[in-house]
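Straight from TrEMBL, the features:
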- Y123: active site, proton donor (ACT_SITE)
- F410: active site, proton acceptor (ACT_SITE)
- V82, S83, V84, R90, R91, G92, V93, L94, T95, S118, E119: acetyl-CoA binding site (BINDING)
- 3-162: domain 'N-acetyltransferase' (DOMAIN)
Amino acid sequence: MTTELRVLRASEWDDWFEAVELAFGGVPESAEERAFDRAVTEPARSLGVWDGQQCVGTASAFSFRLSVPGGALVPAAGVSLVSVAATHRRRGVLTEMMRRQLYDVREWGEPLALLTASEPAIYGRFGYGAATQQLAAEIDTARVRLEVPPGTDDVRLRSAAPADVRDACETVYARNVPARPGMLARRPHWDRMPLLDPESDRDGASPLRCVLAERAGDVVGYARFHFKPEWKWAGSDATVVLRDLEALDPAANAALWRFLFDIDLASKVWVRNRPVDDAWQHLVSDIRRCDVRVRDSLYVRLVGLGAALEARAYQAPVDVVFEVADAFCPWNEGRWRLTGDAKGGASCKRTDEAADLALSVRELGAAYLGGVSLASLAAAGRVRELRPGALAEASQAFGAGVAPWLPHGF
Ligand SMILES: CC(=O)SCCNC(=O)CCNC(=O)[C@H](O)C(C)(C)COP(=O)(O)OP(=O)(O)OC[C@H]1O[C@@H](n2cnc3c(N)ncnc32)[C@H](O)[C@@H]1OP(=O)(O)O
């Protein structure tokens with residue numbers, strides 16, 4: 001097999017995107033989604049593998065900025081639209097693209113690469129660690145009550161067409177980004193994504209609806225959701241399907257959840273992607289009847305290890321030397337001394353000093369946003385403590401105080 005890997009030319013986008021669709025099963029995207037994907041593709045940051053005229057491999061890297069512990073927004077390559085044609089699978093095409101892409105990301109000076117995986121087994125070998133989780137729940141609102149905090153009744157709710165209030169919602173979203181690691185600052189075109197609403201994805205539910213939370217005329221939160229009717233002999237058993245919700249304070253948050261719980265004719269709220277520490281869990285009378293589940297979400301890869309570790313803040317003083325294995329990005333291999341604390345920033349430089357902790361770059365990616373503790377990775381045998389006390393020190397420092405969370409796929 002002779003194939004050529006090259007940077008995507010804008011004129012090749014249709015063939016390239018068709019290869020993506022085929023690898024994902026061949027069901028064409030809606031016109032709305034296709035137009036969005038075309039708008040957000042950055043050809044100069046996308047790769048295609050060609051076998052003659054046929055595109056057999058694809059990979060893209062959106063230019064994102066990721067919120068990290070401490071609130072900094074760090075340049076990151078959002079790896080997506082990765083595919084290899086079924087006719088060319090398991091011959092190393094993905095591996096070739098992943099290697100080239102990580103070299104490119106390094107050239108671009110971006111310390112991080114990020115992705116959400118179609119299957120968790122794929123990306124660990126390339127140094128990506130599962131750094132965030134997403135919470136799903138099916139809440140039995142016929143039986144579960146909400147206990148709301150003072151001030152909730154002062155919040156006014158207003159229904160609006162999602163497109164009409166997009167800018168107000170984006171303002172709320174932008175204010176929340178630095179407060180939660182794992183969120184992405186919006187880039188041009190990406191504010192369209194939360195409003196994508198192809199009928200083919202609704203499974204019988206309503207078009208997207210939006211409710212704003214307001215106080216003294218200011219928008220302090222929003223929820224976007226679908227209503228999925230279901231009529232049974234005994235009456236309605238409809239579901240409210242929450243798409244996204246952001247609030248600037250506890251009362252606004254509670255007012256929005258109370259609204260979702262109280263919609264007439266519905267007896268369930270279905271939640272697919274929320275932070276694992278989401279506050280609604282502390283408002284409900286019966287968490288067991290909320291059927292909470294979690295799964296992996298954002299995978300993080302340190303591409304520029306020193307710059308990545310310097311970009312975040314640390315919850316407690318830390319001074320440790322890591323012995324890092326990174327077969328895929330050899331420039332990260334070796335010993336690094338990390339010093340930092342919550343206030344003064346951090347330094348992460350190469351060193352010859354004795355190592356305190358040994359691990360691979362994948363574990364550093366998993367721990368980077370504070371959602372996975374180094375101690376739990378050590379318990380699994382994936383981090384080795386070489387100096388007594390170093391593990392507890394580093395594990396505490398790497399915490400974030402808030403669960404990292406990616407609000408939407410890419
Ligand atoms: C960020 C994103 O875009 S996620 C979307 C990923 N794309 C998809 O899921 C679409 C459907 N699948 C595909 O397109 C392809 O099968 C891919 C991209 C997952 C894999 O491409 P390939 O070219 O077959 O991978 P490649 O041959 O380089 O495999 C490298 C290694 O990963 C392993 N591997 C590849 N895919 C998988 C998988 N789905 N599950 C487990 N292991 C896998 C291979 O076995 C191989 O292991 P080895 O080195 O020990 O032999």
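Glycine is no exception: its Cβ is also placed from the backbone N, Cα and C atoms.
Features as recorded by TrEMBL, highlighted on the structure.
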residue: V82; record: acetyl-CoA binding site; contacts (Cβ under 8 Å, 6+ apart): T58, A59, S60, L94, M97, L115
residue: V84; record: acetyl-CoA binding site; contacts (Cβ under 8 Å, 6+ apart): A23, V49, V56, G57, V93, L94
residue: T95; record: acetyl-CoA binding site; contacts (Cβ under 8 Å, 6+ apart): F126
residue: E119; record: acetyl-CoA binding site; contacts (Cβ under 8 Å, 6+ apart): none
residue: Y123; record: active site, proton donor; contacts (Cβ under 8 Å, 6+ apart): L115, A117, Y299, R301
residue: F410; record: active site, proton acceptor; contacts (Cβ under 8 Å, 6+ apart): F62, F64, G78, S80, T116, L184, M193
So how many other Cβ atoms are close to V93 (acetyl-CoA binding site), meaning within 10 Å of its Cβ?
22
Would you work out the biggest C-alpha to C-alpha distance among V82, S83, V84, R90, R91, G92, V93, L94, T95, S118, E119, the residues that bind acetyl-CoA according to the record, and give it in angstrom as a whole number?
19
T95 (acetyl-CoA binding site) in three-state DSSP notation:
helix
Suppose we draw a 10 Å sphere around the Cβ of R91 (acetyl-CoA binding site). How many other Cβ atoms does it contain, all chains included?
13
Please list, in sequence order, those recorded positions from V82, V84, V93, T95, E119, Y123 with the Cβ less than 6 Å from ligand 1.
V82, V84, V93, T95, E119
Limited to the domain 'N-acetyltransferase' (3-162), I'd like the whole-number average of pLDDT.
98
